[in-house]
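Under the heading domain 'Phosphagen kinase N-terminal', TrEMBL lists A:14-101. Residues or ranges marked as domain 'Phosphagen kinase C-terminal' by TrEMBL: A:128-360. TrEMBL lists A:131-135, A:H194, A:R229, A:285-289, A:313-318 with the feature ATP binding site.
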Amino acid sequence: KAIMPFGNTHNNFKLNYKVEEEFPDLSKHNNHMAKVLTKDIYAKLRDKQTPSGYTLDDVIQTGVDNPGHPFIMTVGCVAGDEESYEIFKELLDPIISDRHGGYKPTDKHKTDLNFENLKGGDDLDPNYVLSSRVRTGRSIKGYTLPPHNSRGERRAIEKLAVEALTSLDGEFKGKYYPLKSMTDAEQEQLISDHFLFDKPVSPLLTCAGMARDWPDGRGIWADEEDHLRVISMQKGGNMREVFRRFCVGLQKIEEIFKKHNHGFMWNEHLGYILTCPSNLGTGLRGGVHVKLPKLSTHPKFEEILTRLRLQKRGTGGVDTASVGGVFDISNADRLGSSEVEQVQLVVDGVKLMVEMEKKLEKGEAIDGMIPAQ
Amino acid sequence: MASSFTRILSSKRNVGILSLVGGSVAAGFLLHREHVTAGEPLRRRYPASAEYPDLRKHNNCMASHLTPAIYAKLCDKATPNGYTLDQAIQTGVDNPGHPFIKTVGLVAGDEESYEVFAELLDPVIKERHNGYDPRVMKHPTDLNASKIQSGVFDERYVLSSRVRTGRSIRGLSLPPACTRAERREVERVVVDALSGLKGDLAGKYYSLTVMTEKEQQQLIDDHFLFDKPVSPLLTCAGMARDWPDARGIWHNNEKTFLIWINEEDHTRVISMEKGGNMKRVFERFCRGLKEVERLIQERGWEFMWNERLGYILTCPSNLGTGLRAGVHVKLPRLSKDPRFGKILDNLRLQKRGTGGVDTAAVGGTFDISNLDRLGQSEVQLVQTVIDDFLAGSKYGVCVLLRSSWYRL
């Protein structure tokens, strides 16, 4: 069996030390991994490795290095390959359950990328809804994931992805911009289109080894935190069209990868397999940039979002603040409901919140509109 | 070297080494260079040509010397502990460097890295250490402080004096590669030994994990506290893993002898005081080091050292003496002289800001220290620094200038 050269240090060597000697000090930690990992689980799993050589200590390193925040519960672990979710299930299943609303090891996840099942979504008021966007991630079966892959593997993924994407035509015809050889002009354009992604600086990602060898093997359309991040977006409120393009494009890409004998990583329990357990299932974040200056200052704003199964972010994405009352509103769920269901929640929820905003503008109360639990 | 053999044989680590190598005949006993053997070779999915890093935009010592041929030769080797070439060079791949500042671009994960990857490390060492060829040269170690001549500087200019080095504990992996248990063992061994120091060297240990707020503030005020590394040169090499587990600071009650545990090396040993008495600082440095060495040997441990490379530390730039002897000195006029850089070069000195490496000078006050680490002994290096600063003369600064004119 061949292994990835990175990250498999000491797996046998560590076993010369007792569990108590190696077990991490998690007394000041607040993340899902720290809550679940006991000495017993550590003892049971520490001598195991996936076929490519990924170990338990590799899985948890980011959670050990990043104790977390009293208010924000991070996951604290990553997968190095598809098999991580099997071999380390004793650790990962309870984490998945905590993170995804009680999702059980026996539950099945449904995938539905048939955009015609979406009701409405083409009539969100463009005076309030500035832009619509749907993103997800995909992993290519047969390769290890970004925390673990070597340069050779990452380049092979890039090569295959570029082959697949450049064979798209019609409305999906496009171009690949490798980060390594991008010109200044191309970079400017991608920045002003809000397409360019930066080298990760968040220690959550760097401690998991995802920034290694940057920018080798990276480009727009491929290889940041996951093998592929797929994004469909446009100005205005026609989420239906954004979702249609998303579904059609994804399915076209998947067909091409299957022809190369490398379909996407998926199973009926966890849905689409991605690097971070928080993105399992659909991996989908569908949302809008919407102006809600009055509603966002209403005391019940957070509660409304929770009941609608939505989350808010600033307009710069995760961990940013909102500017001028404009929020990024998207679905909170990933695992246990389908793509169509999750986008439906966004469409219905945003429509309702825009109605609420209009009511508040007129000085009227919105209590009657707040959804029941 | 017999004691290291006994140490390794008697330690439980021996079991690990044998089981790693499995059916292979050559077991990795680490004694002398000629007997060091690599651990079990890796079987990899991609050929070396697919894995070779893209170093075209890089400017560091690793990139200068890692040819595709050397990469192909070494990439499937591992040290007995399992450390690989890819891990050693990761920091250099991730940090392309700066056109003006040439960093080393690789680290050692353990003592054996310097042997197993010698084909890459030897030319890097030669470039970094001014032509020192590890294949044929021997490094002199001399910690006899009584040999130092003069060494007291003009305190109107020299604000403080300091000598630092590092020491690694033989048999335990270095910070880029160590497991949590190994790192904790380093802490235990060193702290235990330090508790045996007496007289002016007696002191106390402050663990980063259990330090009180008050202790932390005191250490910050004393300028003793070290932070979690943020420099990508260190983080990409894996040295900040599991922070702050098993990290801490020990210092003597007089605050003149200080030891950092598990930062960039197993230990960093620092002797310092205000003012210009470099001779006394170095005397305490040597005495303290020898005492610590005696105390760990009593307990069956020793420092990593060999006559080819001197003291073994994580970064190849710190091999040999690992010694940086320097002063904080006020040179507001000299530093503005356009020849300042050349003067320092000729005297084999380097300047840093008063915050240490990568900081700016404040108010014309500089940190001036020796450039060299390998190929000359501790006594030789410190004497050079002292001669360059010429003790006790009110024309100290002018002499510095004059002696450099002489050599220009």
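In case you wondered, yes, glycine gets a Cβ from its N, Cα and C as well.
Overlay of TrEMBL feature records on the structure.
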residue: A:S131; record: ATP binding site; contacts (Cβ under 8 Å, 6+ apart): A:M233, A:Q234, A:K235, A:G236, A:V288, A:H289
residue: A:V134; record: ATP binding site; contacts (Cβ under 8 Å, 6+ apart): A:I231, A:S232, A:M233, A:M239, A:V242, A:F243, A:F246, A:L284, A:R285, A:G286, A:G287, A:V343
residue: A:R229; record: ATP binding site; contacts (Cβ under 8 Å, 6+ apart): A:R135, A:T136, A:G137, A:F197
Most crowded position, judged by CB atoms within 10 A, among A:G287, A:R313 as binding-site residues: A:G287
Counts of helix, strand and coil residues, the domain 'Phosphagen kinase N-terminal' (A:14-101), according to DSSP: 42 helix, 6 strand, 40 coil
Reported mean pLDDT - the domain 'Phosphagen kinase C-terminal' (A:128-360): 89
Mapped DSSP class for A:G287 (ATP binding site), helix or strand or coil: strand
